Amino acid sequence: MAEGCMRGLRYGMVFFNLLFWLGGCGILGVGVWLSVTQGNFATLSSSLPSLSAANLLIAVGTIIMVIGCLGCVGAVKESRPVLLSFFILLLLIFFLEILSIMLFFVYQDQIDHHAQRDLKRGLQLFGTEGNVGLTNAWMIIQTDFRCCGVTNHTDWFEVYNASRVPDSCCLEYSDNCGLENPGTWWTAPCYERVKDWLQENLVALWLFALCTALTQILGLVFSMTMFCQAVKVETFYA
């Protein structure tokens with residue numbers, strides 16, 4: 001009976017972690033593709049230049065692959081140390097995610113202030129050598145969100161030392177349109193536009209977070225149940 005239960009748990013955990021590992025491979029692949037084809041795409045921070053969409057996807061994909069591989073090995077080998085390591089690692093990540101969410105809501109105003117200040121500092125790197133990723137990211141954000149600057153289109157005046165904005169700030173794009181009348185520029189702040197977009201998609205974000213949490217909880221339950229069963233089987237045969 002115990003052996004049959006272990007077999008069912010083993011198959012379930014192997015299947016679960018195989019999906020987990022394949023998901024990590026997909027995320028890693030997208031990250032590598034972005035890194036190769038787009039450079040440091042979506043690097044907006046001057047203080048954290050490595051914090052790009054490509055690097056984040058590569059890091060997340062690698063972590064998921066390692067955890068999935070660890071879970072598969074623990075299930076196939078029925079190794080208690082590996083199962084326990086998988087459980088502890090997954091539990092640690094789960095607690096860190098909860099802590100990050102709590103800290104975000106507690107210090108939201110401070111985070112907003114620091115983020116805006118850092119983004120404004122990053123504007124100084126726009127169009128400079130070695131900052132193609134940052135430049136492309138601002139061009140895409142301003143075009144897609146129909147906004148200009150971090151808190152106002154005048155943020156760009158300090159960058160150019162003149163009443164000028166990038167061409168991506170223009171209502172109708174054309175070469176050097178950023179030199180024309182301010183009436184032809186977007187005036188909405190990009191920071192607020194992006195926050196509004198996140199608010200509009202809050203339900204989808206919470207559903208994604210809930211699915212992620214449920215997946216992690218399922219992994220914790222599988223691993224600990226299998227660990228306990230392995231202890232019982234070992235004790236029974238001893």
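Keep in mind that glycine also has a Cβ here, set from the backbone N, Cα and C atoms.
Which of CYS147, CYS148, CYS211 pairs with CYS169 is settled by TrEMBL: its disulfide partner is CYS148. Fewer than three CB pairs closer than 8 A are found between the transmembrane segment (12-36) and the transmembrane segment (83-107), and contact between the two stretches is not assigned (pairs 6 or more residues apart). Long-range C-beta contacts of CYS148 (disulfide bond), restricted to its own chain and to partners at least six residues apart, with a cutoff below 8 Å, comprise GLN142, TRP156, VAL165, CYS169, TRP185, TRP186, THR187, ALA188, PRO189, CYS190.
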